[in-house]
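Annotated features in TrEMBL:
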COMPBIAS  732-745  compositional bias 'Low complexity'
COMPBIAS  753-770  compositional bias 'Polar residues'
DOMAIN    23-120  domain 'Ig-like'
DOMAIN    143-239  domain 'Ig-like'
DOMAIN    246-339  domain 'Ig-like'
DOMAIN    346-438  domain 'Ig-like'
DOMAIN    448-529  domain 'Ig-like'
REGION    722-791  region 'Disordered'
TRANSMEM  648-670  transmembrane segment
Amino acid sequence: MAQRGSTWLNVAQRGSFGLRPGPSVRAESLDAVNLSAVSGGDATLPCDTRSPQPPDALLLVVWYKDDVPIYSYDGRVKGPTAHWADASLGGRARWHASPHSALKIRDVVPTDRALYRCRVDFKVSPTKNHKLMLHVIELPEKPKIFDESDKEIVGVAGPYIEDTSLRLTCVVSGGKPMPRVRWWRGDKMVSKLDPIEDGSLLSTLELKIPKLKREYFEAVYTCAADNTALVPPLRVNVQIQLFLRPLLVEILSREQPLSVGNEAELACRAIGARPPAVITWWLDNKEMTVTDPQKDSEDRNETISFLRWTPRMEDDGHTLKCRATHSKLEHATLETSIKLDLHFMPIVTLQLGSKMNPNDIEEGDDVYFDCIVKANPPAYKVVWEHNGQVMTHNQRAGVIAGSAHLALQGASREQAGKYVCIASNVEGDGRSEPVNLQILYKPVCKTPINTIVGAAINEAAKVTCEVDAFPPPKNFQWVLNNTSATKELDTGKFTVGPGRSVLTFIPTAETDYGSLSCRATNLAGQQIEPCRYTLLPAVKPDPPTNCSARNLTDDSAELRCAAGYDGGLQTTYFVEAWAAGELIANVSTITPVWKLQGLGSETALKLVFYASNARGRSEVTTIRVHTLSRLALHTEAKSNHVGVDTSWALGIIAGIIGTLAVLATLALLARKRHRPLQYEAPVQTVKAYKGSMQSANHSPIGDDKNPDVVPLGKDFNCTRDCERPPEPPPYAAVVSPPVGSSRSAHSLHDTRSNTPHTPNTPASDAQSIGTLADDRRSVTSGTLSRRREVVTTRTPLLANARESCV
């Protein structure tokens, strides 16, 4: 026991002067434990300080580096003085007793590489020694990558052209032990270099790719270097960039076809080019202008160009190209093309049949039209128009209409005019230019009736002959036929204009009157049926008849009469409006239709109608009217606002009154049927009556007590006029003419003076009826081919009105 203590004391004494192993210390032969530490890191040197015979006390722990004490810990001393460290450690070492006893060295340096021994002294137990071999690992520098030109690559290598080779070199400097170097692509190692202790300070490893395919685009390679498992390998990444040719270029399909004249948007897509392709548009070999910039996808793998273009008709059938080029690569152009199949509205051309002469088509010829249609898509309908009216197929009428041809069998003059062919497809309706069809036909009269022309002796009368013909005639022939002879008139007596001839005729005797005929000739031939005129002595006109007032208001009236014979001359029709013996309106027109205004409300008017020409003024026709009251009109307007109940009540009352009126009318008609009136008169008596009607008084102030009924004769007195003996006709016996026919011939030789007639009264009306009855009884034995009856009746509802009928 004393011996062991002395040993500790010797150690303690030596430790205080720098511990050195002495012969009194028993060193244990132990194998060293290898430990590794990274230069610049921390190293932990464990030492078991547990006593094999507890509860023995720990006295002293001493650390040796290559048998040189560098650190000690005295368990008998409390406080910081219990620790001692050699100056070579520079304060980087510290003993830790728990949780596991060990010496920890910070900031390990390469000189820390050595054989370390830990000696542990106990109070009772024998001394223990632990050997540790500390290996200090020096990490290599971060790898560097160089290209074929020995230029350092940072981040990105290239860009390289597709299908060329690549060589990259990874260089690692330093490291002890020598590092191993490896190339990785993702998780796959593609190349490696094992450590070689040849004294060199550099480790190099090459990456070779003989042909850069598209799959290497933006591929990431990693160069890793490591010489210990204590720290991760040192890595550097490089991305490979390539110039890639476009893989595909295409013109995207459209839902709608291209239409002529309509702006269209077309899209062309290029795929696979790096950098993105440059897209251009070409029409045949001419580059087109593109206003919109091309667009790239997010991954820049796809590029789209939009072309806004309005096709023209002449572009149909041409080639539209989309071309994708690479700005860096030659011979890397791709293009695609489409042949333009443009849709367009039908283009229509209309023409006459090839064997037809448009200037030699006569009435009755067959006419053919050809409709030439160019359309895409094809026309589904063809319509023919004549003068703006749609034509329909009608074989019975000789109209045969097809999609490409139109035939007119036996064409008539009415079928001349402008013809148009209209073709339709989904793009619209195409119209041809109109083709004017000219049909030659012989002249015909525009007025086919026999026209009466009045002419006074030794006065010039102009007779106009107008014909319808194509082409317009240039030759006219006038023939006069009278009692003396039939002769053709000299060309100096008439003029010729477009479609008309005007004859100036001066009768010098009564034998010059007769009938005229006019005949025209054109390229189609001579007029078959001439225009006929009857030349009579000019006389004053007959008075207007059947005059009536329409649309009476509180201030105006519309008047209408039937025109009588105009005497063969231009006639003017007059109406005079009289109120209280004062003339308030006098209006003339060339037709017997008038509209009077400013008549005043509730005015009793006498309207006097007559006609006038160059030979004089006709007799007059008189009617009476009353303008309406403004109050009545106002009341009528207000009645429109009466409530529904009042309207129903008034309707019921009106219905009852109407029913009673109908019953009363039926009763009166039944009574009249039991007393029919029939009157007969010889022809001479009728003519005498007609003559009396023509000798009406011109005075505008004659009395007429029936303003609502139009009389046939003015101031008719049956007692006087019916008893007058008849006069013979001037030219020949005439059967009583129809109502409204000319009486001018009779007027020429009527030398009777006009006797004033007295106004008709109810008494004179009764006298007229009795006289007519006597006349009827006096001629019951005679045979008449025609009958004229004058019946005057009086109705209970209109006590002061009479109705005269012929």
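Cβ from N, Cα, C; glycine included.
Automated prediction, rather than curation, is the source of TrEMBL annotations.
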Practice item. Taking helix as H, G and I and strand as E and B in DSSP, count the residues of the domain 'Ig-like' (346-438) in helix, strand and coil. Key: 3 helix, 50 strand, 40 coil
Review point. How does the model score the domain 'Ig-like' (246-339) in terms of mean pLDDT?
Key: 92
Check your understanding: According to DSSP, how is the domain 'Ig-like' (143-239) divided among helix, strand and coil residues?
Key -> 3 helix, 54 strand, 40 coil
Point to revise | Composition by DSSP (helix, strand, coil) of residues within the domain 'Ig-like' (448-529) | key: 6 helix, 47 strand, 29 coil
Revision key, fill the gap. Across the domain 'Ig-like' (23-120), DSSP labelling yields 9 helix, 43 strand, 46 coil
